[in-house]
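Data block below; observations after.
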Amino acid sequence: MVNSALALQVLLLVILLGTTCLCASQVSLWVHEMQDKDDDFEYYDSTEQEQDPSLQHHSWEQVSFIETSIGDFYTMPDPCLSDPCKNGGRCASSGRDFSCACPKPYGGTTCEKVEDMCLDMNCRVGDCLVLLSPPYFRCSSSKQCSPNPCKNGGTCIRNRKRSKFTCECPEPFRGRFCEIGPDDCYEEDSSNYRGRVNQAVDGRTCLNWNSHHLLDFPFNAFMENADFYGIGDHNFCRNPDEDEKPWCYVRKNKEVDWEFCDVSPCSDVEPTDPPESHEIFETCGQPEVRGTLKRIYGGSKATAGKHPWMASVQTKTPDGSEHFCGGVLIKSCWVLTAGHCFENGKGNIQVALGKQNLKKKEHHEQRFDVEKIIVHDKYSDRGGIPYNDIALLKLKPVDGYCAVETKYVKTACLPNFFFPTGTDCFISGWGETETGESSDQLLDARVKLISQRKCNERELHNNSLDESMFCAGKLRKPGIDSCQGDSGGPLTCAENSSHYVYGLVSWGDGCGLKNKPGVYTQVTTFLSWIKSTIQAESRLRH
């Protein structure tokens, strides 16, 4: 049924048109478009839509398809006003569409990527490198020893094969190009390595980060924040994705691969003194790292340190450990997770903090045995739906201390307020992806908070949610969701640059399905229980 606001707009259209001929099918089509909701409408229930005047913003832009006979009453918006063309591209509009004229060496729909300027270039010696200024390419070397590739006073010796050479290095330098000095090493946080080693452990020479071979790879000289990661017009080893040591891309059998580099850890790293107090987290919810890389369900690989409160809840096995649920660090010795993770009982549990890749031993990780599992006393499962789905894990201190605050390990804040419907929030975890396999890499994705009434509509979850739950997702873009293995992990929302654990991954009908957003435990409902439980345990300890 057309509402009163829509009827008024139809009346205004009739008045403006006067005697202008407008066929019934055109009016019908316009009315149909006017009834379509905005992207944000889907997260609210019908009552909220009528009460929220900010959402009633239909305009004359929606009649742009009507015959030119009413063109005097309508001006089509210019799609170039939003400046969609990147990197100096010039925008040209054509009705509702636009095109970008891209300057060299950029291309793509919005000039967002660097084109391969080496397609017609054959470097006799060395690799073809892409540049952002004319002539937009160069060869890394024009002759065997010109320019001299040997660093630190090394002497270039030509070989019989025209493309081959060796470097004679003065003491104490070494490496194929004499690039490795006695002080060229990486600290514990190898992402800060800015040395000049450009050789892999297998002896292969690193590709330049601006090589045309790397234009389609996630790490290259033209990636976002390349300078921050020390990447540019060179082939020195770097560690932009927080791996265990510096690495680089190399060529193997005419294919691009990557290898760790021939660079050693520094031996003079001074140990840090242990903290003086048990609760040493100065702030909560403030990550030092922001950003994402490449493929939770429909999600992206999160950069190390982006979700420093993320916990992996694991069972110990003879071969090591196995992740089964997520969790969130809220205090030095306390992790919040889902109650259903322990409904069948779990023994020999540990929690890993600061993790990025579950299959690797990472220098910034912290591991603790679980001293006590406290599931909410009103937790229950009815018809496969968990109610009061929350639990606390008490960590067992190591040498008198639980989690220590670092760049990769921080606490999330507990919210004492409600975030409005439609808020963008983050989910993160190592659960099942759209391939059907669990992920070794920590993934994340954005989802929107959806109103309780909307979640309980028949085509969504049919009145299955109570006050201890809420749902979140993207109704018009299914495919982004939490899934098996993400259970207990956090849904965090930001307020004034601080991240609050607003929900815990609880349940859902399938993963990433249309009109079946994920359901989360409403943390605000359990604030009193969380605080009283921790206080009671603290009294027992002392």
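Our numbering is plain: 1 for the first residue shown, then up by one each step along the chain.
Each Cβ is built from the backbone N, Cα and C atoms, and glycine gets one as well.
Taken from TrEMBL, the feature active site, charge relay system applies to His340, Asp389, Ser487. Among the features that TrEMBL reports, disulfide bond is placed at Cys102-Cys111, Cys150-Cys167, Cys169-Cys178. According to TrEMBL, the feature domain 'EGF-like' maps to 76-112, 141-179. If you look up TrEMBL, you'll see 184-266 marked as domain 'Kringle'. The domain 'Peptidase S1' annotation in TrEMBL covers 296-535. Sequence annotations record features per position, and here TrEMBL assigns signal peptide to 1-24.
Sequence features, as recorded in TrEMBL, placed on the structure.
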residue : record                           : Cβ contacts under 8 Å, 6 or more apart
Cys102  : disulfide bond                   : Cys85, Asn87, Gly89, Gly108, Cys111
Cys150  : disulfide bond                   : Cys156, Cys167, Glu168, Cys169, Phe177, Cys178
His340  : active site, charge relay system : Tyr379, Asp381, Pro386, Asp389, Ser487, Ser506, Trp507
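Secondary structure counts, DSSP: the domain 'EGF-like' (76-112) has 4 helix, 12 strand, 21 coil. Taken residue by residue with DSSP, Asp389 (active site, charge relay system) is part of neither helix nor strand, so it is coil. Summed and averaged per residue, pLDDT over the domain 'EGF-like' (141-179) gives 74. Following the DSSP three-state reduction, the secondary structure of Ser487 (active site, charge relay system) is coil. Secondary structure from DSSP puts Cys178 (disulfide bond) in coil. When secondary structure is read from DSSP and collapsed to three states, Cys169 (disulfide bond) falls in the coil class.
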